[in-house]
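Inspection log for the structure reproduced underneath, given as structure tokens.
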């Protein structure tokens, strides 16, 4: 397989994986968390480059620390998860830049971890993505209904006698694994576009979660494929082209949805938000 | 439930709860906003911390899995979530399905029957968010029905419902009671309490009173639960047993 074919394969697999896991991220409203994760794995990658160890390994170890710190900040009184994500997003990015600045003689171009370099992905990078994708597909096929239930109505899910943390942990692991394995190809910053945009587009045109779990990976794979092909014919960087293609598909879905009116505004929305009476006593 | 208290984190939310509900009976939880009605339901579900006292559901604690049907407030749910009404009702069957199995014909039949019970059979494939508030509420009730619960918890089921939906809801709850289901319903609406509940638990951050409906809904008790704002409203409309309506 030539480097270009390998790049195409990587783009398709990463796109499909991002779409699939992105569906979980979007439905569970964890997009900002995923974004913080993408930025905060950056110093892990730089650290790994400095130490001369595996980049995905460095990013993965960093993400475990980051998730731990985010959980701690999130638990501090009156500090929500959004605050924790916001702090870690910038702190992680800053730390990466700082480490990079302190080690100007790094043998690898650290910039490539920010925007990716899909033409230089290795066979082992692609294999790693394929393994994570297989795991994600299995998880969603076998646990799909529990994932859907807990995401739609967490209190109802717990009332039915389930514990929520296994689903939350699974989402966290899949998100982290996706961000880490996508990083060499599309970079820490651009990965979020591929995670959020295809899933958000699929959500606009899907009636059921099952449809979304099929449409989002297809849109992700199409973004990857089209992005790499476009980048070659236009002679521009692949990572940004993939991210922009994904964004373009989202805009297209938005237009299609508006035109077709697939998702009508919930009727009687006003009735549901009617102010509560304090007490209605009747003789 | 005996002398039970519940808290969100370090802040106590509800104290001194002492009541019981038998199979086929219904208890109305009545109190102003923030009085702890939803808190009590979440306490029974084990979703929040119990700081003292005892809670038993069907003689056990924690509550045996799958025996409680819970109907949350629809505004707690994402109205744009891509899920059909049928799928929502099927969620009530997941517990009996286990982790890996797919729904069988019997499960699909149970879902169809539950939807008929709440008169929504024709809307099975409609996206949940496209249903009206009342239909969503009935759909969540159908989910609870499909799970064949022994105890049914309803959180403000009348919020934003029109008369037709209210009547449909009352009929379903009555039918479940006849089948021996115990019901706990939090409400602002005394119509609902009068229609289906034998007993009333009045709340205001703590238990104000518990007992037979008409004995508990006295002016003094309601005044204590709702404070002075409520009393002005009540003066003209409340029925105090033995005093006639005023």
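Using the three backbone atoms N, Cα and C, a Cβ is placed for every residue, glycine included.
These numbers come from a predicted model, not from an experiment.
Note on the transmembrane segment (A:7-27): residues 1, 33-34, 118-119, 121, 125-126, 129-130, 132-133, 136-137, 140, 147, 151, 171, 174-175, 177-178, 181-182, 185-186, 191, 194-200, 202-203, 209, 212-213, 216-225, 227-229, 238, 242, 246 of its chain, located 6 or more positions outside it, place their CB under 8 angstroms from a CB of the stretch. Annotated transmembrane segment per TrEMBL: A:7-27 (among others), in sequence order.
Taken from TrEMBL, the feature transmembrane segment covers A:47-71 (among others).
Residues or ranges marked as transmembrane segment by TrEMBL: A:83-102 (among others).
Among the features that TrEMBL reports, transmembrane segment is placed at A:114-144 (among others). Long-range contacts of the transmembrane segment (A:114-144) within the same chain, counting only residues at least 6 positions beyond its ends with a Cβ under 8 Å from a Cβ of the stretch, are 1, 3-4, 6-7, 9-11, 13-14, 16-17, 20-21, 24, 42, 56, 167, 170, 174, 177-178, 181-191, 209-210, 213, 228, 237-240, 242.
Within its own chain, the transmembrane segment (A:165-182) has Cβ neighbours under 8 Å at 14, 17-18, 21, 24-25, 28, 30, 33-34, 37-38, 41, 56, 59-60, 63-64, 67, 116, 125, 128-129, 132, 135-136, 139, 143, 146-147, 150-151, 188, 191, 194-195, counting only residues six or more beyond its boundaries. The transmembrane segment annotation in TrEMBL covers A:165-182 (among others).
Taken from TrEMBL, the feature transmembrane segment applies to A:188-205 (among others).
Panel annotation: around the transmembrane segment (A:212-230), residues 7-8, 10-20, 22-23, 27, 118, 140, 144, 194, 197-199, 201-203, 205-206, 236, 238, 241-246, 249, 253 of the same chain, lying at least six beyond its termini, place a Cβ under 8 Å from a Cβ of the stretch. Taken from TrEMBL, the feature transmembrane segment applies to A:212-230 (among others).
The transmembrane segment annotation in TrEMBL covers A:236-256 (among others).
Counting residues 6+ beyond its ends, the transmembrane segment (A:83-102) has Cβ neighbours under 8 Å at 32-33, 35-36, 39-43, 45-47, 50, 62, 66, 69-74, 110, 113, 188 in the same chain.
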